[in-house]
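Novice: The following feature annotations were taken from TrEMBL:
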{"type": "DISULFID", "residues": "CYS973-CYS1000", "note": "disulfide bond"}
{"type": "DOMAIN", "residues": "148-255", "note": "domain 'F5/8 type C'"}
{"type": "DOMAIN", "residues": "261-417", "note": "domain 'Laminin G'"}
{"type": "DOMAIN", "residues": "423-601", "note": "domain 'Laminin G'"}
{"type": "DOMAIN", "residues": "603-640", "note": "domain 'EGF-like'"}
{"type": "DOMAIN", "residues": "639-691", "note": "domain 'Fibrinogen C-terminal'"}
{"type": "DOMAIN", "residues": "835-1000", "note": "domain 'Laminin G'"}
{"type": "DOMAIN", "residues": "1001-1039", "note": "domain 'EGF-like'"}
{"type": "DOMAIN", "residues": "1057-1236", "note": "domain 'Laminin G'"}
{"type": "SIGNAL", "residues": "1-26", "note": "signal peptide"}
Amino acid sequence: MAPWTSRLCACTNGVLFLLLLGSLSGSAGPAWLGPLCLGVGVPGVSPFEPWVCWVCALSRGLGGGGGWSLLGRPGWPWGLGWVGPPVAPLSLPAVLPSSSLLSCLAARPRPSPSPGGAGGPPLPGGLAWGPGGLSGGVALAHPGAGGWSPLVSDRYQWLEVDLGERTKITAVATQGRYGSSDWLTSYLLMFSDTGHNWKQYRQEDSIGSFPGNSNADSVVQHKLQQPAIARFLRLIPLDWNPSGRIGLRLETYGCPYTSDVVSFDGGSSSGLVFRSPVSRRTSRDVVTLKFKTLRNSGTLLQAEGRDGLGFSLELERGKLLTSASEPLRLASLGSLLDDQHWHHVAVERRSSHLNLTVDKHTERVQIPGFSSQKSLVSKRNFQGCLENLLYNGHNLIELAKNNDHQVTVGGNVTFSCAEPVSVAVTFTGPQSFLQLPGATASSSGGVSLGFQFRTWNKAGLLLTFDLPQQGGVVWLYLSEARLWLQIHKGGRALLELTAGAALNDGQWHSVEMNSKRGRLTVAVDKEEGGSAQASPLFPVAIESHLFFGGKRRNTSHECRNPFNVFQGCMRLLTLDNQNMDLIMVQQKQLGNYSNLQIDMCGIIDRCSPSRCEHGGRCSQSWTVFHCNCSDSGYIGATCHSSVYEQSCEAYKHNGNTSGHFYIDVDGSGPIKPQLVYCNMTEENTWMVMQHNNTELTRLRPSPGVKQHLVHFDYSSREEQLSVAISQSEHCEQELSYHCRKSRGPGSGRIQTYWGGAHPGSQQCSCGLQGDCVDPQHYCNCDADRMEWTEDSGLLTHKESLPVRSLVLGDVQRPGSEAAYRVGPLRCRGDKNFWNAAFFDKETSYLHFPTFHGELSADISFLFKTTASSGVFLENLGIKDFIRIELSSSTQVLFSFDVGNGPLEVLMESRDPLNDNRWHRVRAERNVKEASLRLDDLPVATQEAPTDGHFHLQLNSQLFIGGTASRQKGFRGCIRSLQLNGVTLDLEERAKITPGVQPGCPGHCSSYGSLCQNQGRCVERTNGFHCDCSLSAYTGVFCQTEVSVSFKPGSSVSYTFKEPYELSRNSSALPSSIYSDMTLRGENVSLSFRTNQSPALLLYVSSYYREHLALLINKNGEQDVRYKLDSSREAEVLRSKVRSLANGQLHTVTIRRLSDSVSVQVTKHSTIHIFSTFSLIVFVSPESGDLDPDLARLASLGFAGCLSVVQFNTISPLKAALLHPDTSPVVISGPLVQSNCGSAGSANPYSGSVGSGQPLVNAIRTDSALIGGTKLLSLFLEPVSCCF
């Protein structure tokens, strides 16, 4: 018996509390029987002895019933016996009033109870039900059935249990009525210490209802996640068997609860002072207590040390604030703590940190000072009760009761908790209203009305009543969190008053409305909130009913409420200074109501603790909360997912070029984004993190200072740098020390090497390479020479990065000089971004430890496949699960269950997803909603239930690429899989898993489109790069124009190979562009901007004196001159587009194939195709001089900009600027590279911070390898040639 008992209740004496409602076999009719007492698990005590009656219940015998049943478990192995004979049968009323209390009486015959009360002295363990007088009580209309059943089955019924004293309740169990179709399918539990001010029990802080039974016989037990400590328990039916009625048998399980209580009256001298005898400072101090109060402010505790440092715990606006003695506010926890319910507080000091716990929520803060000598004193009139006040194991309340010398009691302090009764009422929704009778109009027509309310909503109707004599109506309502009073008549407002502000803060606010002697006044929070008054021309008096929160609807007159419904709490309702008894309303003895929770305030602070992550600001209404994520860098319903990428590599593959970007190294993790520079000008993408001094800095001597310690402050935090370094493939930082008769430096952390050498080598770079200026030393500066020298190199060992400080010295001697430079930290590669695995069959999968995402979970990955379906990811729990799958060739499905039933989010693409290209999936689930993103499609969301389960509880392994059943597996590649910002190492796991291969090649199919302007995508093991050798552009994606600003004396000439070389190598050409040693066609394009007219832009000539000239004539028109027959004059193709010499950017494209030529000019983004000609082509080896007209134009030179010049596969400007030493180019005069060819060159530094957008696009010098063979001869000159 004892093991079973301890399994139900974690109390030492094994006491099980049972409340039994059963039936007695053989009973001829209704009869009240003596108390049933069970002694359970108490050694040496007979279960039949009346003085150890642990469990008491009053049972009702009904004719035709079966034997005794303890929730349907007959034959349990403990004694069951009668104490005292049963009393004689008596008749009972069909309905018992709510004041009836069925108590466990003493073990002796007792008189029959009279209706309306319980006979005999009351003892712990009683029952009551309600609402009395109308529909509550025990129905006697069902012979043979045992249990509780009210006459009327509706949601206004309850069953109340009085345990006699405060008890630790750990579980409840329910069963339907014996032998009936009556059982509950869901119910609420309420708890109270006094029988008033009930508090609803919620599982997981959200779930309010408990699932009940599915039949009358089975027992459904619920263990409370957090035990409830209360004397009274109330069960409220929500739903029941539709084929029956409300029916219930109930058990409660729990343990005795003992406590020491002290009460303060709020006086200035009221309090306890404890002086610790400990003189030495301790490393840990702990203070724990419970408190309850109706006031929202007051100091609970103040701790002071001998050194004057300390802290205090203070209530302010219903929150618990922790402040230091500076004063310095350290933390704020909890909310709505003035609800007259017990709240647990724990303060733990560990060295310089403070762990503050309020109820179940803990926050850790750093304090400026804390001493073990505590001074517990109330200085701001705390009024309420404290319980179990412990300091380092000392029970201060017990010490105070025993008049211990360490505790001083001041003021009016009592060692009990006298609680004022304040009956509140909760308006839960649109159907809620409270109707009360109005006062009879006095001779003066005056009225005095008051109440208090609290709400989170900005709007709602508080009160309305009619003015029958005037035919008007009075509305008292909230709008934009202000109080408004309006008097309406005939559809228009006769009077309007407003007072107060920010009344939706969840605090109690008082409202007073007075009408007397022709003056109407409305006031909020007395003097604090403001008031308004007016003098209406008619008396304002309440002659009919008052309606709070709404108005009753009926068939004869439909109430039209022009305002939002009120959702919140009210209390202290008074009319003409008389309190309105809401308990009488509950008992249906006064007024009327609908959908109210009476004798409780059901307000919930959904922002305490805040579910908004990463600094998102929480706001709320009565039913939902909202997170404002602006300026946080995160998005989603709870600001969970980062808007930034995790590396420069990821930005590059979104199509971005060099610039400043925010990097979030851990995604949705706690590390904040950091601003870095992404250098994408090389084949590798570098992430550059700056510090406060990257310049070469001269070290100057200071008198009396032998060593200089130089610190470097980085723009990124320590945790940001650490993660960035760890997930990069390679990091480096340049160190340079220039010296003249000055020996080398050291780093702040003791290191045994310098930049360019290996860790532990005790060398510099020159020592490793063997070229130090003095072979006897391993560093140049150690030679201590008078000549300037240096030790420079790169630190690449990650454990040594970044450099935080340097120790510099040896500049005090005459002639000693030194300078140092520490470059920025540079990292390239992203190990996480390319981490991939290939699943080659449906039965293959990878498994990882259980995914823990109880409250929020985000999952992101990339996939590519040719299959039409398959499961990407699955993790199971006992009932919960989470899964992401490719449900069809165009659909991705995200599904999960947290206890509310499966929820699915479906994303559909118009294009097939099994196209063997990379697609990105991002799924997120939090307490508010679930969302799914696919590539760049709009996000799909599904809202979570407002008061549903929200903890995702998983316990199996996490399966990637398959399922536990090995069905519906995924075939294809999964890459960069991250769960809550943490990357799973797919490659390492794939190396040891059959059917899965590490890595996944083939990236150009997805990213090849990023290569622009004829750039060619080249595969790499991890990623790709764009080959721009055949493009006139450069840059990481061949997107950067190559532009030159020319002056009249500048020229570029590009010479093709000799004809005999061309003839000799012609067979090797991929496609012949010559016929009979001449060009059969050409593609020419360039952009220009100039104010010069006329001007020669381009001139191309061949060995056979053929030429092509592109110029602007004196009229600002575009001329293209072709001469392909030396015996004929050049043919001129002239555009009709004028004013090309206007300083704007224009683009010209010429395409010729044999004798057909097409020319187009772009002006103001409009393409003009102005000429298509047929040329006479004739090849002659005769030579001649340059055309006189062209020679004259060439002599003028060219002033302007030429950009992206391309002749077939040749890019002469690119060769001249980027590879002048290895290209057949001749440059004359100054040649200045610029961005003049950019359409946005007027603002070349434009950009903005955001996802995928650089903050600053600095002037880029993007470069790429130039490949191919220069086989043509292009002659460019403004003087002797054409450019």
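Numbering starts at 1 and runs along the chain as it is shown here.
Cβ atoms are placed via backbone N, Cα and C, with glycine included.
Looking at the shown structure, can you explain where the listed features end up?
Specialist: Of all the Cβ atoms in the protein chains shown, 23 others lie within 10 Å of the Cβ of CYS1000 (disulfide bond).
If you take every residue in the domain 'Laminin G' (261-417) and average the pLDDT, you get 82.
If you look at the domain 'EGF-like' (603-640), the same-chain residues 6 or more away from its ends with a CB under 8 A from one of its CBs are 319, 333-336, 361, 426, 454-458, 506, 567-569, 662, 664, 668, 672-673, 855-856, 858, 924, 926-929, 931, 941, 946.
Break the domain 'Fibrinogen C-terminal' (639-691) down by DSSP state and the numbers are 5 helix, 18 strand, 30 coil.
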Novice: Given pairs 6 or more apart, does the domain 'Laminin G' (423-601) have at least three Cβ pairs under 8 Å with the domain 'Laminin G' (835-1000)?
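Specialist: No, since the domain 'Laminin G' (423-601) and the domain 'Laminin G' (835-1000) share fewer than 3 Cβ pairs closer than 8 Å, they do not count as touching.
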Novice: Could you tell me how many residues in the domain 'F5/8 type C' (148-255) are helical, how many are strand and how many are coil under DSSP?
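Specialist: Its residues divide into 0 helix, 64 strand, 44 coil.
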Novice: What is the Cβ neighbour count of CYS973 (disulfide bond) at a 10 Å cut-off, with all protein chains included?
Specialist: 22
